[in-house]
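Following: one structure in structure tokens, then a few remarks.
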Amino acid sequence: MHKYRTHNCNELQLSNVGQEVKLSGWVHRRRDHGNLVFIDLRDHYGITQIVFTDQNQQLMYDASRLCYESVITVSGTVVARSLDTINNKLPTGYVEVLAMECIVESASSPLPFVINNEKEAPEESRLKHRFLDLRREKLHNNIILRSQVIAHIRHLMIARGFTELQTPILTSSSPEGARDFLVPSRIHPGKFYALPQAPQQFKQLLMVAGFDRYFQIAPCFRDEDARADRSPGEFYQLDLEMSFVTQEDIFNTIEPVLYDLFTKFTNKTVSNTPFVRIPYNESMLKYGSDKPDLRNPIIISDVTEVFRDSNFTIFRENIKKGSVVHAIPAPQAASLPRSFFDKMIEFAISKGARGLGYIQFSESGEAKGPLSKFLTGQQLEILKATANTSNGDAVFFVSDKKDEAVKLCGKVRIKLGEELNLLEKDCFKFCWITDFPFYELNEETGKIDFSHNPFSMPQGGIDALEQAKTTEELLALTAYQYDIVCNGIELSSGAIRNHKPEIMYKAFSIAGYSAEEVEQRFGAMIKAFRFGAPPHGGIAPGIDRIVMLLAEATNIREIIAFPLNQQAEDLLMNAPSYVEEKALKELSIMLSPSSRKIHKKNTNL
């Protein structure tokens, strides 16, 4: 018989009754019934009940003193449970093991929090003792799910003709939109490597090198603040790139992968392929966001023309100054009490609005509310049709400059969806957002900058770039850039790449980069493109966010084995940490006087 186990704790069935077995695991629960002691023994696979009887008084006494989470090895005989003690919640619930021997392999110290229930402990304590936290069933299962998802992704990608390749972790800095994590070079004083924010240039170089379809489960590093759906520091993505493809080819490749993943690992309804395609401008108007949650049926409308000649002076004057009026319908909300409308107004004001107008249409069709008296009967009918409202509905209004109105309407739409319980249950609603602006105005400098990925191909190519002369014309340019969104969460951005040096130089020059700067930052890629670069494109769905959705986790740290906290600290390994002065000197690093003082104090030098 094996030294530690003949079976795992999820295996034993009625067919094993009468067999002598050996199990090892952790003491999950202990129940003392006087002449019987029950231990729920847990391992990676499941739980088996162990019974200690008074036929062996010493063994039963020892079992009664076992600490939770101690590791033990039990030898015994499999017996059937009586009908009244069968536990249908466990795969092993029809049997138990009558213990004949129990060896304590490793006794546990007192626990900082309870392991055997799902009551949440303080997150700081959980992260400091992550090895204990990972024993909890829900979190343990999340990590197993993550492993299964990644394994299935590999299977799906290889089956579609993709080659898995690894790209460097130590590379050069590039403008990906976030701060880099820098690594000083000992051999080259004063120079730094950067951890990759994404394998962007390398995967494009692989296409130039003739690898037709590439993928990897890529670690990416960005010095960003934490959010509920974004871990600071490190994250993983399904990075892929394809040669000789159009935008639709990318869509047709990744849609079946996502559909397969979400149908395999959940029982929820998943959007049928092809997924809905929504141009960026349409998404911003209808949903007030480029990450729309399509479970919410509310669609925003532009009703500026309805109010242009209305008797409502505030909106009419706003329109004359260039503002717009957008309507957000509230289905079947007309009969709700005044407190509901006051609550929505307070919410809008808290988000920066000056107010929130509304009209209620009763079941009989009568218009009520603060703004109803300012519209004629004909204007009200046009409003109902434009805003897609019916009798029994209410409709809210926002008037502001277009960009501000769009953002606020999006927030009001989400709030209404929650307040009115409108979100469709048990489903994953996917959509593509397409035709993103190629450029945007930098909020800090007021100058033209890339809206998203600077390596995207502008729609219309070099001709479009050369013909756009004014700022308005430049901001109207669109890119072959796309996002995949699920339930209001952006899973990935992607693009058809700019593979022509002359277009790249022109695109960067408009954004204020000289040819020398482009050569310095992207010299390897520019050089490669001069030796025959295929048209290519790609996408990189975030694995962390996919697993988060599949696990129904509310925080991304719940699907990562060893995450950083919101302050980008690893409380278990005490990272980041101070290093000795000798190590800094070897890297030619000198701290500022204030940092040096703190450093000396913490390194006891």
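Cβ from N, Cα, C; glycine included.
Annotation comment: Swiss-Prot describes Glu176, Arg222, His452, Arg497 as L-aspartate binding site, evidence class sequence analysis.
The annotation ATP binding site is assigned in Swiss-Prot to Arg222, Asp223, Glu224, Glu490, Gly542, Ile543, Asp544, Arg545 on the grounds of sequence analysis. Around the Cβ of Glu490 (ATP binding site), the same chain contributes Asp290, Lys291, Asp483, Ile484, Arg545, each under 8 angstroms and 6 or more positions distant in sequence.
Per-residue pLDDT, averaged over the region 'Aspartate' (200-203), rounds to 94. Taken from Swiss-Prot, the feature region 'Aspartate' applies to 200-203.
Neighbours of His33 (site 'Important for tRNA non-discrimination'), defined as other CB atoms within 10 A of its CB across all chains, total 8. The site 'Important for tRNA non-discrimination' feature in Swiss-Prot is assigned to His33; the stated evidence is sequence analysis.
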Most crowded position, judged by CB atoms within 10 A, among Arg222, His452, Arg497, Arg545 as binding-site residues: Arg497
Residues in the region 'Aspartate' (200-203) grouped by DSSP into helix, strand and remaining coil: 4 helix, 0 strand, 0 coil
Residue, out of the binding-site residues Asp223, Glu224, Asp544, whose Cβ gathers the largest set of other Cβ atoms within 10 Å: Asp544
Rounded to the nearest Å - Cα separation of His33 (site 'Important for tRNA non-discrimination') and His452 (L-aspartate binding site): 65
Local Cβ density at Gly542 (ATP binding site) - other Cβ atoms counted within 10 Å: 22
Pairwise CA distance, Asp223 (ATP binding site) versus His452 (L-aspartate binding site), rounded so that it is a whole Å: 18
Closest of Arg222, His452, Arg497 to Asp544 (ATP binding site), Cα positions, binding-site residues only: Arg222
Cβ contacts of Ile543 (ATP binding site) (under 8 Å, same chain, 6 or more positions away): Arg146, Val149, Ile150, Ile153, Ile217, Phe235, Tyr236, Gln237, Leu238
Integer Cα-Cα distance in angstrom, His452 (L-aspartate binding site) to Glu224 (ATP binding site): 16
